[in-house]
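Here the structure comes first, spelled out in structure tokens, and everything after it is commentary.
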Amino acid sequence: MDQFIKQDETGDLIETGMNVANHFLSAPIQGTNSLSKASIIPGVAPVLIGNPEQKNIQHPTASHQGSKSKGSGSGVRSIIVPPSEASNGGTQIPEPLFAQTGQGGIVTTVYQDPTIQPTGSYRSVELAKIGKERMINRFVEKPRTSTPVTEFKRGAGSRAQGQTIQEEGIDGNGASAGSKERSGSLSGATLYAHLSLPQQDSTPANVGIAPQSAISANEIMDLLRGMDARLQHLEQKVDKVLAQGSMVTQIKNELSTVKTTLATIEGMMATVKIMDPGNPTGVPVDELRRSFSDHVTIVSGPGDVPFSSSEEPTLYLDELARPVSKPRPAKQTKPQPVKDLAGRKVMITKMITDCVANPQMKQAFEQRLAKASTEDALNDIKKDIIRSAI
């Protein structure tokens, strides 16, 4: 039996694997419908997960690796199949699972008819594993030995890379841990990264439903909205306060104008000298003295009739027809109304302050004003003040 895999079979296996990978990557898989250990047919799991006891792939030894480093290897690894399986045609095992796509792009796991036992062999499983491994290693670049970083020069990259490849190799039977090296492409390409191989472990994984979103997220959003509303309210109030700034400035200007006007009025009142009504200011002294002399006063109009007729003697006849003078009724004097002298005293006090400059005369007028209790006395004091000012 041929122990090597033909190139056509390898290409078919790789193409089949790529189609399966694209199929599962293009369809969304939910957590509750994904494959788990419980959905695999008993007997297939040890083969699929690749237990170390059932691996039949023979890796090259140190001698083969040494020959490969010298250029004698062809890059194809050999496969050893147990003689019992080669002679008997393989052990019957269940076929791998089939996947069907249901409604909404959900992938569900189904089996063939349970009454019919599918046929297969470990050889087909081994071939599938080899194809999968080669397909993975196809995109993984082997680690290279570290080389000193040199300044990039055009045309020198290929020679440095060739020199690095010639230095590869392992001495002895130990496994090489590899080494890091700068990427061969110095034109700005992204550095390569090793592909993470799937972990082959027989421990089942617990599948559960993803936790729901946190309940407190709504409270946080409500707090943020409340803070935003309060901030907008404060901004509106600040805008209103700033809008009143012009009005405050206008009120200040008007208040300054009122103060200026009041000061002007107070100054004018301080310069006004309170004088008798009808007595003009700026009259010569001689003319004022002539006005105080005695002279005839003519009163126009009907005059006081009782005053003019009371002086004439009148005879009357009594009950005996004798002429007698009728006795005149006693003239009743009308009580003069009491006048408020407080206002006059205030006026005279102001006149003393403004018109009298001599302190002695001012003190004398103040004493007379304090003793005055009638209107005539106040009038005399006022006349004396006017004479002293002239």
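Residue numbers in this text run from 1 along the chain shown.
Including glycine, each Cβ sits where the backbone N, Cα and C put it.
Sequence annotations record features per position, and here Swiss-Prot assigns compositional bias 'Polar residues' to 54-65.
Cβ neighbours of T10 (phosphothreonine) (same chain, under 8 Å, six or more residues apart in sequence): G131, R134. A helical conformation is recorded for T10 (phosphothreonine) in the three-state DSSP classification. Residues annotated as phosphothreonine in Swiss-Prot, with similarity to another entry given as evidence: T10 (among others).
There are 14 other CB atoms within 10 A of the CB of T16 (phosphothreonine), with all protein chains counted. Annotation comment: Swiss-Prot describes T16 (among others) as phosphothreonine.
Feature annotation from Swiss-Prot assigns phosphoserine to S69 (among others); the stated evidence is similarity to another entry.
The phosphothreonine feature in Swiss-Prot is assigned to T91 (among others); the stated evidence is similarity to another entry.
What Swiss-Prot lists as phosphothreonine is T150 (among others), and the listing cites similarity to another entry.
If you look up Swiss-Prot, you'll see T164 (among others) marked as phosphothreonine, on the strength of similarity to another entry.
Here Swiss-Prot flags S187 (among others) as phosphoserine, drawing on similarity to another entry.
As annotated by Swiss-Prot, phosphothreonine applies to T249 (among others). Summarising the environment of T249 (phosphothreonine), the number of other Cβ atoms within 10 Å of its Cβ, over all protein chains shown, is 10.
Annotated phosphoserine per Swiss-Prot: S256 (among others), in sequence order, evidence recorded as similarity to another entry. Taking the Cβ of S256 (phosphoserine) as centre and 10 Å as the limit, one finds 10 other Cβ atoms among all the protein chains shown.
Annotation source Swiss-Prot lists phosphothreonine at T257 (among others), citing similarity to another entry. All chains included, 10 other C-beta atoms sit within 10 angstroms of the C-beta of T257 (phosphothreonine). Secondary structure at T257 (phosphothreonine), as computed by DSSP, is helix.
Annotation source Swiss-Prot lists phosphothreonine at T281 (among others).
Sequence-distant neighbours of S291 (phosphoserine) (same chain, 6+ apart, CB under 8 A from its CB) do not exist here. According to Swiss-Prot, the feature phosphoserine maps to S291 (among others).
Among the features that Swiss-Prot reports, phosphoserine is placed at S293 (among others), with the record citing similarity to another entry.
According to Swiss-Prot, the phosphothreonine annotation covers T297 (among others). For T297 (phosphothreonine), no same-chain residue lying six or more positions away in sequence has a CB closer than 8 A to its CB.
On its own chain, S300 (phosphoserine) has no residue at least 6 apart in sequence with a Cβ closer than 8 Å to its own Cβ. Residues or ranges marked as phosphoserine in Swiss-Prot: S300 (among others).
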> Who sits close to S373 (phosphoserine): which same-chain residues at least 6 apart have their Cβ under 8 Å from its Cβ?
Replying inline: L341
>> Quick check on the region 'Interaction with the nucleoprotein' (342-390): DSSP residue counts for helix, strand, coil, in that order please.
In response: 42 helix, 0 strand, 7 coil
> Where T257 (phosphothreonine) and T374 (phosphothreonine) are concerned, what is their Cα separation in Å, rounded?
Replying inline: 45
> What does DSSP say about T297 (phosphothreonine): helix, strand or coil?
Replying inline: coil
> Including all protein chains shown, what's the count of other C-beta atoms within 10 A of the C-beta of T374 (phosphothreonine)?
Replying inline: 10
> Could you give the Cα-Cα distance between T16 (phosphothreonine) and T374 (phosphothreonine), in whole Å?
Replying inline: 140
